[in-house]
């Protein structure tokens with residue numbers, strides 16, 4: 001995991017079957033890569049059984065931010081994805097404590113999820129404080145990538161947006177460098193207050209250390 005993310009310190013256990021059936025899915029990378037058609041589409045209809053605005057968070061960790069959104073917006077649906085299971089167990093605990101019916105967590109490699117999202121299925125995408133993974137051998141694991149932006153351009157509804165926050169200047173610069181290749185996306189600098197309706201653990205953590213937090217609202221351009 002990236003800096004500041006320490007799932008090994010979380011003393012949590014896997015949710016019992018009846019809770020997992022409601023809130024948790026595990027999509028193994030090998031199966032998702034070779035037989036993606038065996039997994040449901042990542043859409044409100046595909047995962048919740050009804051149509052509603054859907055927000056997807058990549059790297060949701062313990063689900064603190066996404067659960068707060070789900071509680072505040074009961075008529076929308078929310079899906080959190082993380083490549084590490086233990087933080088998601090804590091996320092499920094939060095969802096249970098809030099008796100939330102509009103949220104689901106998926107243990108999976110986000111990069112393999114892109115292909116399972118139908119066109120124009122998402123109202124918004126959240127990518128807040130992703131690990132920079134700047135060592136050379138980790139470059140192919142970056143969530144800030146052409147593949148992410150290609151996914152956003154295809155899967156966001158017109159007027160939908162990707163909310164991006166980072167405390168890492170190189171990651172912010174990389175996002176700005178990649179965006180011109182995607183004319184269907186329009187990026188606008190945005191303050192933390194504009195993008196984050198709630199301060200997550202990592203938001204508080206990096207702000208407390210005095211790090212500068214930069215944000216972009218990356219909107220899917222309305223079609224003519």
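Positions of Cβ are set from backbone N, Cα and C atoms, glycine also.
Swiss-Prot annotates 82, 109 as S-adenosyl-L-methionine-binding residues; of 45, 57, 150, the candidate listed for that same site is 57. Listed in chain order, the extra residues whose Cβ falls within 8 Å of the Cβ center of the S-adenosyl-L-methionine site residues 57, 82, 109 are 58, 59, 60, 80, 81, 83, 106, 107, 108, 110, 113.
Comparing residue 109 (S-adenosyl-L-methionine binding site) with residue 167 (substrate binding site), their Cα atoms are 23 Å apart once rounded. Geometry remark: residue 57 (S-adenosyl-L-methionine binding site) versus residue 167 (substrate binding site), CA distance 18 Å.
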